[in-house]
Amino acid sequence: MTLLEKIKQNKSLSKKDMQSFIVTLFDSNIETNVKVELLKAYTNKDMGQYELTYLVEYFIQTNYPNQPFYNKAMCVCGTGGDQSNSFNISTTVAFVVASAGVPVIKHGNKSITSHSGSTDVLHEMNIKTNKMNEVEQQLNLKGLAFISATDSYPMMKKLQSIRKSIATPTIFNLIGPLINPFKLTYQVMGVYEASQLENIAQTLKDLGRKRAILIHGANGMDEATLSGENIIYEVSSERALKKYSLKAEEVGLAYANNDTLIGGSPQTNKQIALNILSGTDHSSKRDVVLLNAGIALYVAEQVESIKHGVERAKYLIDTGMAMKQYLKMGG
């Protein structure tokens with residue numbers, strides 16, 4: 001039975017199968033249509049937790065056998081792929097969280113399945129992404145670093161045209177946030193695919209995160225949203241996985257539909273972010289940033305609850321600290 005047949009028949013894959021899957025995707029001698037069919041088939045397969053951890057560890061260990069570490073560093077990002085066309089929520093959140101003194105290493109990419117990826121909006125903001133050898137100094141000076149996935153993992157460039165041709169989320173949407181080149185202490189990760197939450201949570205535990213939260217937003221978004229019950233998986237190195245749901249109203253924020261969070265081009269999304277960070281926007285767009293920043297501040301042990309995290313995020317914006325962080329970055 002070929003690898004493609006095994007995948008199409010939803011078989012569990014061995015370590016050898018996983019190696020073959022990766023080698024095939026990155027082999028320049030194999031035709032693109034073969035890779036597209038293989039990646040499509042794997043994306044439709046019920047992926048085992050072992051398979052996810054194998055893929056993540058393969059990319060990290062192949063590229064960073066001595067993975068760098070920065071004390072108490074956090075990443076806040078989503079998988080993308082939720083087709084919501086929301087503005088760049090997690091990028092905006094990164095400025096708020098960093099303004100609280102949490103070292104943030106945000107690992108992002110250009111748009112694959114949306115109008116504006118994190119590096120697209122950063123380019124509009126005139127904020128450069130950092131090379132790997134610049135990150136530690138950047139964190140020491142500014143407390144916030146942005147890394148482009150195609151810089152930290154150049155091999156990923158080979159897959160960009162294939163992923164764009166598929167035009168729907170693939171396994172690499174799930175892998176991207178998990179392969180931050182730095183060994184993180186804390187992580188908040190939004191996930192568009194609810195069925196993978198438990199697998200990803202266990203993989204984060206395998207990667208040694210001290211604390212992390214996974215979010216499947218109400219109505220399918222890869223961020224915590226204001227439109228109903230957000231599914232939360234809380235990861236801790238000290239206890240078992242904890243699953244619960246969270247509504248915006250429980251932390252003092254108003255209900256709002258997901259379509260009120262729609263963004264647009266990188267230029268539009270830059271302006272939305274600036275309006276929020278400067279304190280001039282008091283719409284649901286601000287509230288969704290407060291919610292996600294509140295979750296991140298809770299994970300980073302800055303506050304004792306998500307509700308307190310939301311209050312802290314309000315303070316950081318309303319006192320100008322979040323905007324000061326943005327200006328510090330050269331935006």
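Just so you know, the numbers here start at 1 and follow the chain as drawn.
Just so you know, glycine gets a Cβ as well, placed from its N, Cα and C.
Going by Swiss-Prot, these are the annotated features:
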- G78, 81-82, S86, 88-91, 106-114, S118: 5-phospho-alpha-D-ribose 1-diphosphate binding site (BINDING)
- G78, N109: anthranilate 1 binding site (BINDING)
- S90, E223: Mg(2+) 1 binding site (BINDING)
- R163: anthranilate 2 binding site (BINDING)
- D222, E223: Mg(2+) 2 binding site (BINDING)
Cβ neighbour count (within 10 Å, all chains shown) around the residue listed as 'anthranilate 2 binding site' = 21
Under a three-state reduction of DSSP output, how is S86 (5-phospho-alpha-D-ribose 1-diphosphate binding site) classified: helix, strand, or coil?
-> strand
Around E223 (Mg(2+) 1 binding site), which residues of its chain at least 6 apart sit with Cβ under 8 Å of its Cβ?
-> G78, S86, I89, S90, G190, I215, G217, V288, N292
Cβ-Cβ distance under 8 Å to H107 (5-phospho-alpha-D-ribose 1-diphosphate binding site), same chain, at least six residues away | C75, C77, I147, A149, S152, G176, P177, I179, N180, P181
Taking the Cβ of G78 (5-phospho-alpha-D-ribose 1-diphosphate binding site) as the centre, how many other Cβ atoms fall within a 10 Å radius?
-> 28
Around the Cβ of S86 (5-phospho-alpha-D-ribose 1-diphosphate binding site), the count of other Cβ atoms that are within 10 Å | 27
Between D222 (Mg(2+) 2 binding site) and the residue listed as 'anthranilate 2 binding site', the C-alpha gap once rounded to whole angstrom | 19
For E223 (Mg(2+) 1 binding site), which DSSP three-state class applies?
-> coil
